[in-house]
Amino acid sequence: GTPQKYDPTFRGPIYDRGCTDIICCVLLVVAIVGYVVVGVVAWTHGDPRKVIYPTDSRGQFCGQQGTPNECPKVLVASRHLHVSSPPTQICVSRCPDRYLTYLRASESRVPAEMEYYRQFCVPGFTNTQKPVLEVLKDKECPAMIIPSTPLARRCFPAIQAKKGVIMVGNQTTYEDGHGQQRNVTELLEGAKKANVVLETRQLAMKIFEDYTVSWYWIIIGLVIAMVASLIFIVLLRFLAGIMVWVMIVMVILVLGYGIFHCYMEYAKLKGEAGSDVSLKDLGFQTDLRVYLHLRQTWLAFMIILCIVEVVIILLLIFLRKRILIAIALIKEASRAVGHIMMSLLFPLCTFFLLCLCIAYWASTAVFLSTSNEAVYKVFNESACQFSGQTCQPETFNTSNVTKLCPDAQCLFAFYGGETAYHKYLIVLQFFNIFMFFWLANFVIALGQVTLAGAFASYYWAFKKPDDMPAFPLFSAFSRALRYHTGSLAFGALILAIVQVIRVMLEYLDHRLKAADNRFAKFLLSCLKCCFWCLEKFIKFLNRNAYIMIAIYGTNFCTSARNAFFLLMRNIIRVAVLDKVTDFLFFLGKLLIVGSVGILAFFFFTHRIKLVQDTAPSLNYYWVPILTVIVGSYLIAHGFFSVYGMCVDTLFLCFLEDLERNDGSAEKPYFMSPDLKKLLKKTNKGQADA
């Protein structure tokens, strides 16, 4: 690319700018309107009760107010002898708490037993004098009931283990209602997953109890993490150079020790039997420890480490100036953040908008997935030509089906639909996830271009901070929304397309796991790797394009091209700055998260004597500790994301400054005195303050 030329009218972010990428702005508005329409249609047809409440055999919800099953709150299912028909599902007020068969209840002289059993029969069953075989044949009552536990409004066998023995209701056998004794282990497989969920619910309850007694201490820990993050950013202004050089010296010392250790091992093996065998003669061995007994192995390690050590030392010699520039830019970023302190709170705005995107996407996905209608089908025990066909419960008893197939029943089968809307539900779900990616990337882009505009106004202020605008963050935010919504939508659209393709590849990979096609799996793995790299590159390009948009107000393609060529003209500086900042951010996150995590560990495990009695008693002390650690990482990441955007913005401005200006009275440098001193550049006729 062509280096930037001097422009006497340029004084930082351009205020006299026009709208860019208007077509993409219109597309985004149309897509958002369409997204709202999809949401309204989904909310009109969807019914989340299908997820929350169980459904009986007539398709009615259990425990839902305003329905015939308002009082019965749980669902009990009974499997009949004919496995071709679905189990009869009935809404009941409570789950069974005892073993009982219908035969025993009908023959019992205690009327209360039959009255208790009748609540698990179909609604309206009153003919207790009806023969038992006919009742079971007509599926009016279950053959047996067993002790059950409610879980997610459904009744599951109350399986428990005592001293390694599986029991249900303190018994190891039960009567199946047909005169046979069965072992309760036959119920185990059917209720295994349910008991896992039950145990998970008990675990969740204990975790919730821990949160109720430790939430305020968790908040205190997060506040400490926030203060520590702020202090670390302030200290970077003074300690960035020391931290970087200490890291470099430590790497050199570690490599030096590795060389010394390899030499000592090489010398120690001299004269030992078998140590002089060459790697070529030994060949490949599955036990890798065999190679450690060869002198040639340690000689190879020593040579490799020596080469790495020499390369690093040579790089330090030739790149020392660029490392110093990176350190100076990091220090300058601390000053910029200090002058625009509101920038540290701006990620909260981005986080709030992302939460709105996630909430809208999730609710729309739920309503779309529950938009299907109840489908009823004909089930029968004998041969019938209508078996498996759809039916309507309201008119089924008066239809020809009951005349030709007397034992046929119209039962709820599943949720589905035959209309055009139901056929295109998968398309609407695809559009939902695509719009989520697009809007989420747009929100992130808006945050990046706002921070870039604010920090660019700091760099291009000749007298810092006197020449800065009064509200740099608000000015940058308003410029981004007013003029560059289309450009942000364009960059977000490109990234969203790549992310959707990655989601589709992950879906295909999941579906092909059971297939034994190695070529397809290899091809899919290559595609996943390529699109992962492409996504990373687009994110890098978008980030720098947004900085150029914030400064010059050009469209997305022009900004991306100019940013890319500017970085390519300074590729070594880019690589050095990137690695130095990555190291500092990693060190900062590790320091903050580690310090706060260790403090939380000693506090919640009652190991700090001063506050030993203050710490709450917990079921699991790792619950608040992990919460504090994760929260501390998110807080530190939020602070350092602002700091990272500041460094990237100042770096691009610095490169532009070097290309545009030469330090003369007509073309003075805008960089800080420290950078000018480091590069041995001065503004002629002006004293650096």
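Cβ atoms are placed via backbone N, Cα and C, with glycine included.
The transmembrane segment annotation in TrEMBL covers 21-43, 215-235, 242-260, 298-319, 340-362, 433-462, 483-505, 546-568, 583-606, 618-640.
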State, in range form, which of 215-235, 433-462, 583-606, 618-640 has the highest count of Cβ pairs under 8 Å to the transmembrane segment (21-43).
433-462
Honestly, do the transmembrane segment (242-260) and the transmembrane segment (433-462) touch, with at least three Cβ pairs under 8 Å and pairs 6 or more apart in sequence?
no
Interface check, the transmembrane segment (215-235) with the transmembrane segment (483-505), three or more C-beta pairs under 8 A:
no
May I ask you to check whether the transmembrane segment (583-606) and the transmembrane segment (618-640) make contact, with contact taken as at least three Cβ pairs under 8 Å and only pairs 6 or more apart in sequence counted?
yes
